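Have a look at the structure below before the remarks.
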Amino acid sequence: MTLDQTTPKTAQDVAVHKHIVEQSPLKGFIAVLVACILSGFAGIYFEKILKGSDVSVFVRNVQLSIISLPVGLANVFIQDSGKVLKKGLLVGFDIVVWGMIFLSALGGLTVAVVIKYADNILKAFATSIAIIVACVASALLFSFRSSILFVVGTVLVIMAVFLYSLFPYKKKYHPAPMEPPQSSQSRDDASTTLRE
């Protein structure tokens, strides 16, 4: 994805985005790097939360969503408090918006199930492959033209998936601790108990 986003600008891109005065590639790169690092740590922590207890995926998702609710509501009232107070909280919510909400929720539950029963690395591979499939479908259906960097990124993703499956992680073997052998007295006591 990073390779595809670094494609040089065409004259058409410049014309469409002429209102953008100045860009800072260094700041953008640092922001993407920080976002990738935070996303990786968040994914690992989420996997730890899901696999660290016997709580169901549904209950864990509800618990995590309760944490995000105050932040989301604060954001709504900071940015759109005037509209919300005049027209209500759900103004403009049509069937398309509800469809997007449903798909987003379904995607979140799918990610949680994948992380619960697989791991964060497989989730990242699945996301990358989904992006590639969506771009290929866009090329076939909507005449989307990919750049050479997109093709290079696609090859890298496919190679990463292949190498990951070729050399799977193997846990070290730790034999179970053996119980000490029973003495003849304790065996006699056990057989006496069984006879009674």
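Placement of Cβ uses the backbone N, Cα and C atoms for every residue, glycine included.
Sequence annotations record features per position, and here TrEMBL assigns compositional bias 'Basic and acidic residues' to 186-196.
Summarising the annotation, TrEMBL assigns region 'Disordered' to 176-196.
If you look up TrEMBL, you'll see 28-46 (among others) marked as transmembrane segment. Same-chain residues lying 6+ beyond the ends of the transmembrane segment (28-46) with a Cβ under 8 Å from its Cβ atoms: 2, 112, 115, 120, 123-124.
Summarising the annotation, TrEMBL assigns transmembrane segment to 58-78 (among others).
Positions annotated as transmembrane segment by TrEMBL: 90-115 (among others). Below 8 angstroms of C-beta separation, residues 43, 46-47, 50, 57-58, 60-61, 83-84, 122-123, 126 of the same chain, each at least six residues beyond the ends of the transmembrane segment (90-115), sit close to that stretch.
Positions annotated as transmembrane segment by TrEMBL: 122-142 (among others).
Among the features that TrEMBL reports, transmembrane segment is placed at 148-167 (among others).
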